[in-house]
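Trainee: Under the heading active site, tele-phosphohistidine intermediate, Swiss-Prot lists His9. Summarising the annotation, Swiss-Prot assigns active site, proton donor/acceptor to Glu87 and lists sequence analysis as the type of evidence. Taken from Swiss-Prot, the feature substrate binding site applies to 8-15, 21-22, Arg60, 87-90, Lys98, 114-115, 183-184, supported by sequence analysis. If you look up Swiss-Prot, you'll see His182 marked as site 'Transition state stabilizer'.
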Amino acid sequence: MKKLVLLRHGESQWNRENRFTGWVDVDLSEKGREEARTAGQLLKDEGFVFDLAYTSVLKRAIRTLWTVLDEMNLMWIPVTKNWRLNERHYGALQGLNKAETAQRHGDEQVLIWRRSYDTPPPALTESDEFWPGKDPRYASLSSQELPATECLKDTVARFLPYWHETIAPQIRDGKNVIITAHGNSLRALVKYLDNISDEDIVGLNIPTGIPLVYELDDDLKPLKSYYLGDQEELKKKVEVVVKQGKA
């Protein structure tokens, strides 16, 4: 049996302000830093040890991973950062308050933008301050790779090749891996691992800062999955995510 740990970054400043974040490089809130410390201590107490770590190129995920590894005395292990693990790109919604957007467009429309599989939000323009082509960390990406907006289907399409080509072979070789990423990039992976339908994925919400453990067979098919920690706290955090897009 092989184990994989998935961790959504701790609460960010824009999570706290209930704003669409996407590829905007927002840092953790103080609560988010504490969530990361708690996650690291929990993993350490449960006896987890990692050989490799993967994360996005966004600081809220990177800082969460740093903090977790620091708590576990594992800051020395190899860490790979890749844009394919980024949050889904929220297009022209980035920076907008979710509740205010729901008041303007309706709860149902915002739910579709946030959680549907194949409906992207309105696209960003190249003149927008958040256009990723202006960011040096994406200088190596082609114009076809740079998103102006994404739905979850797009996020799956960019993440899964990296999973198959880079991460999965390490797990098959017996490496203990943690992936610290984002709500939607992790939803993309969970959809694949658990074979969740395009319709049912709408109901999947991943809370901030709580380790999700997968026990996998030799073919990397899930035997079971579970969140570590207090289950009542888990329910509260999931409910927070659910309510974010409502007016």
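Every residue, even glycine, has its Cβ placed from backbone N, Cα and C.
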Trainee: Radius 10 Å, atoms counted are CB only; among the recorded positions Arg8, Lys98, His182, which position scores highest?
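Mentor: Compared across Arg8, Lys98, His182, the most Cβ atoms within 10 Å surround Arg8.
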Trainee: Rank aside, I only need the closest one: which of the recorded positions His9, Glu87, His182 has its C-alpha nearest to that of Gly22 (substrate binding site)?
Mentor: Glu87
Trainee: Would you say which of the binding-site residues Gly22, Gly183 has the most Cβ atoms within 10 Å of its own Cβ?
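Mentor: Result for the most crowded candidate: Gly22.
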Trainee: What is the interatomic distance between the Cα atoms of His182 (site 'Transition state stabilizer') and Lys98 (substrate binding site), given in whole Å?
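Mentor: Between the Cα atoms of His182 (site 'Transition state stabilizer') and Lys98 (substrate binding site), the distance comes to 17 Å.
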Trainee: Reported as an integer number of Å, what is the Cα distance between Lys98 (substrate binding site) and Glu87 (active site, proton donor/acceptor)?
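Mentor: That separation, Cα to Cα, works out to 16 Å.
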Trainee: Spatially, and counting Cα to Cα, which of the recorded positions is closest to the residue listed as 'active site, tele-phosphohistidine intermediate'? Options: Glu87, Arg88, Gly183.
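Mentor: Going through Glu87, Arg88, Gly183 one by one, the closest to the residue listed as 'active site, tele-phosphohistidine intermediate' is Gly183.
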Trainee: Pick out which of the recorded positions His9, Arg88 has the most other Cβ atoms within 10 Å of its own Cβ.
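Mentor: That would be His9, with the most Cβ atoms nearby.
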Trainee: For the residue listed as 'active site, proton donor/acceptor', list the number of other Cβ atoms lying within 10 Å of its Cβ atom.
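Mentor: 27, counting other Cβ atoms within 10 Å of the residue listed as 'active site, proton donor/acceptor'.
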Trainee: Could you tell me which three-state DSSP class the residue listed as 'active site, proton donor/acceptor' falls into?
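Mentor: Its secondary structure by DSSP: coil.
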Trainee: What's the CA to CA span in angstrom from Trp14 (substrate binding site) over to Glu87 (active site, proton donor/acceptor)?
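Mentor: Each residue's Cα considered, Trp14 (substrate binding site) and Glu87 (active site, proton donor/acceptor) end up 13 Å apart.
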Trainee: Could you find out if DSSP has Trp14 (substrate binding site) as helix, strand or coil?
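Mentor: Helix, per DSSP.
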Trainee: Out of Glu11, Trp14, which of the binding-site residues has the smallest number of neighbouring Cβ atoms within 10 Å?
Mentor: Trp14
Trainee: For Gly22 (substrate binding site), what is the secondary structure state per DSSP, taken as helix, strand or coil?
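Mentor: Note: Gly22 (substrate binding site) is coil by DSSP, not helix or strand.
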Trainee: For Lys98 (substrate binding site), which DSSP three-state class applies?
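Mentor: Lys98 (substrate binding site) sits in a helix per DSSP.
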